[in-house]
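Below is one structure, written out as structure tokens; comments come after it.
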Amino acid sequence: MAKEKFVRTKPHMNVGTIGHIDHGKTTLTAAITKYCSLFGWADYTPYEMIDKAPEERARGITINITHVEYQTEKRHYAHIDCPGHADYIKNMITGAAQMDGAILVVAATDGPMPQTREHVLLARQVNVPAMIVFINKVDMVDDPELVDLVEMEVRDLLSKYEFPGDELPVIRGSALKAVEAPNDPNHPDLKAIKELLDAMDSYFPDPVREVDKPFLMPVEDVFTITGRGTVVTGRIERGVIKPGVEAEIIGMSYETKKTVITSVEMFRKELDEAMAGDNVGCLLRGVDKDEVERGQVIAKPGSITPHKKFKANIYVLKKEEGGRHTPFTKGYKPQFYIRTADVTGEIVDLPAGVEMVMPGDNVEMTIELIYPVAIEKGMRFAVREGGRTVGAGVVSEIIE
């Protein structure tokens with residue numbers, strides 16, 4: 001019999017475990033649910049249950065992700081864990097499960113490894129706001145100075161990728177010992193889990209809700225209402241909009257057009273305000289039907305700008321995932337689906353030493369679109385060719 005759902009009275013936050021394979025991400029996830037279950041704040045989810053992660057689809061890509069939930073005194077957490085390295089890469093690039101904070105798991109026996117670096121780099125590129133380190137398997141290292149060394153290495157690595165490596169919390173423990181500990185919250189083997197949760201509560205900042213960000217709505221459709229003017233429809237991506245507010249139409253050229261949203265409607269009813277997540281129609285003052293089109297965005301003036309050239313981290317689908325069967329090189333020209341825009345672009349540059357990109361690769365490349373689109377760092381998009389998705393990307397740097 002399933003337990004009733006948690007009552008959501010506490011602020012909610014999305015977190016996840018990241019790090020190198022076999023460093024203990026999944027065991028740590030299990031240990032957290034075990035500890036919280038002792039207070040009735042979670043259902044204990046053992047390792048085996050987390051490890052057989054169900055498949056999800058995001059932007060045409062199949063990803064295995066496990067979601068668990070637990071609470072502390074302060075917050076309600078939704079926690080994601082992925083079984084395979086490729087699943088992490090795909091999740092972070094598609095944004096299938098967003099993270100407001102990440103727990104970087106590093107084994108004391110190994111220190112930072114290649115996937116540790118890759119996950120940290122991606123966390124930086126997709127704007128994960130904060131990171132906490134859990135040094136795992138400390139019971140398997142006899143010399144505490146070795147653990148100190150691992151901690152220094154991890155802090156250096158995080159600083160290199162612009163996280164506050166000197167300041168962020170580093171917890172030491174053994175996830176396996178915690179899972180195997182008796183059901184006593186004061187047991188010494190569970191102390192590290194308590195420390196980790198306390199650090200999450202105090203160090204992870206409250207997420208900025210989408211409604212608190214500047215208004216932005218991708219244009220899905222445009223039509224004219226006789227005698228009233230031009231209406232654009234779409235789903236508000238962030239922020240709040242009220243009638244009478246100034247907005248900009250951005251995209252398709254470097255010129256942006258100012259307008260005033262004179263009316264906001266939902267299901268043919270006028271609204272005093274609409275917010276992130278709402279599907280609405282906005283009546284635009286002084287805009288002809290041919291001055292606005294699908295693929296542009298309506299946004300708070302000055303909050304986002306149009307660009308043609310940018311760097312992006314792209315995961316290229318494998319043949320088995322429905323992607324390309326062959327590699328591509330510089331000069332490849334697929335379609336980029338950026339919000340509602342469907343625009344041709346060219347891969348104008350690849351990293352030094354990379355001649356071709358193989359299906360299954362994850363590569364940072366430079367892209368130039370044929371016309372400017374409203375773009376910002378950390379934004380996700382799909383890469384398509386001949387009607388099928390061949391890749392998923394995230395903008396890592398704006399060039400022009």
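Every residue, even glycine, has its Cβ placed from backbone N, Cα and C.
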Inset, instruction - Out of 136-139, 268-271, 304-307, 376-379, let me know the one Swiss-Prot marks region 'G4'. - result: 136-139
Inset, instruction - Select from 81-84, 117-120, 225-228, 329-332 the stretch of residues annotated by Swiss-Prot as region 'G3'. - result: 81-84
Legend entry - Of the residue ranges 60-64, 90-94, 340-344, the one that Swiss-Prot records as region 'G2': 60-64
Legend entry - Tally of residues which DSSP labels helix, strand or coil - the region 'G1' (19-26): 2 helix, 1 strand, 5 coil
Inset, instruction - Let me know the model's mean pLDDT on the domain 'tr-type G' (10-208). - result: 92
Legend entry - For the region 'G3' (81-84), residues assigned helix / strand / coil by DSSP: 0 helix, 1 strand, 3 coil
Inset, instruction - Give the number of CB atoms, excluding that of His85 (GTP binding site) itself, located within 10 Å of its CB. - result: 16
Legend entry - Rounded inter-Cα distance in Å - Thr26 (Mg(2+) binding site), Gly19 (GTP binding site): 10
Inset, instruction - Report the member of Cys82, Val138 (the binding-site residues) whose C-beta atom has the most other C-beta atoms within 10 angstroms. - result: Cys82
